[in-house]
Ligand code: C5P
């Protein structure tokens with residue numbers, strides 16, 4: 001039976017700006033998404049049943065159809081029923097290195113890897129844009145996870161344009177393993193609390209009057225100006241998540257006092273990341289924050305920015 005081992009990297013948001021409400025309940029976003037080297041490993045193999053069998057080594061990750069990776073396989077089965085009948089089912093094994101429910105698109109990356117893996121096993125020859133169209137049906141971050149690197153995402157988050165690759169910065173990721181934030185809660189709370197800053201057009205579509213923060217960051221990325229990138233990172237969801245989770249706010253404040261380029265919450269949190277110009281500065285800031293906060297629930301990862309999306313490690 002043919003099998004592939006794939007790497008699915010985590011992502012951080014260098015920018016997450018909510019620029020409008022959508023009638024479908026989602027939000028119009030401008031995001032700058034960035035892959036990091038920290039990655040899950042996904043082994044996917046053709047099986048002689050017609051089923052999807054999913055195993056994950058992390059106790060909090062579901063192994064049924066509530067897992068995005070499972071839904072990705074189901075989407076491929078439903079989209080290509082004759083190929084599915086011909087090749088049979090798949091066995092998916094996920095080795096988690098990315099913290100779960102963290103705002104790092106771990107689940108989205110696993111789903112992207114399953115789309116890429118089934119495309120290979122079934123020899124479908126789908127192009128990256130074709131895979132990304134399928135990915136958009138599963139979730140807003142999944143198209144980005146297919147291609148990775150540095151990209152600007154608009155619409156629901158699924159419309160992508162590549163930016164100049166940033167790779168020469170280090171990142172500290174920090175997350176309390178006993179805090180999780182519901183993404184729908186974060187967006188809905190933002191919608192309620194910041195309703196005043198919206199204006200409605202004739203069709204009832206609401207958009208923000210507030211200033212758009214993306215241009216200085218995009219300029220800094222074009223110039224690969226790390227110091228300026230560190231100053232321009234931005235996330236609207238901090239406005240609702242940090243007041244509700246004071247420990248996360250204190251974690252960010254602790255990083256802000258270090259010799260780093262910048263610090264921000266990723267996605268809807270609760271992971272806080274610090275951008276650093278070198279590995280030694282990443283290690284130093286991690287040690288300082290760890291010794292100041294001293295909480296066994298607070299976990300750290302040191303990684304680097306990456307230019308890669310889903311990668312094939314090996315095939316058999
Ligand atoms: O698309 P995804 O499943 O990643 O989105 C998770 C949740 O985040 C959605 O259910 C929605 O509440 C919120 N969301 C949003 N607007 C977006 C993307 C996500 O409101 N553009």
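Just so it is clear, glycine is given a Cβ too, placed from its N, Cα and C backbone atoms.
Feature annotation from TrEMBL assigns active site to 11 (among others). Long-range C-beta contacts of residue 11 (active site), restricted to its own chain and to partners at least six residues apart, with a cutoff below 8 Å, comprise 33, 34, 35, 36, 104, 105, 108, 109, 141, 144, 145, 148, 266.
Taking H, G and I as helix, E and B as strand and the rest as coil, DSSP gives the domain 'GHMP kinase N-terminal' (67-149) the counts 50 helix, 6 strand, 27 coil. Summarising the annotation, TrEMBL assigns domain 'GHMP kinase N-terminal' to 67-149.
Residues or ranges marked as ATP binding site in TrEMBL: 99, 100, 101, 102, 103, 104, 105, 106, 107, 108, 109. Its Cβ taken as reference, residue 107 (ATP binding site) is surrounded by 27 other Cβ atoms within 10 Å in the chains shown.
The active site annotation in TrEMBL covers 141 (among others).
What TrEMBL lists as domain 'GHMP kinase C-terminal' is 217-291. For the domain 'GHMP kinase C-terminal' (217-291), the DSSP counts in helix, strand and coil order read 44 helix, 11 strand, 20 coil.
Taking the mean position of the Cβ atoms of 99, 100, 101, 102, 103, 104, 105, 106, 107, 108, 109 as the ATP site, the remaining residues of that chain whose Cβ falls within 8 Å of it are 10, 98. Ranking the binding-site residues 101, 105 by how many other Cβ atoms lie within 10 angstroms of each Cβ puts 101 at the bottom. If you draw a 10 Å sphere around the CB of residue 141 (active site), it holds 27 other CB atoms from the protein chains shown.
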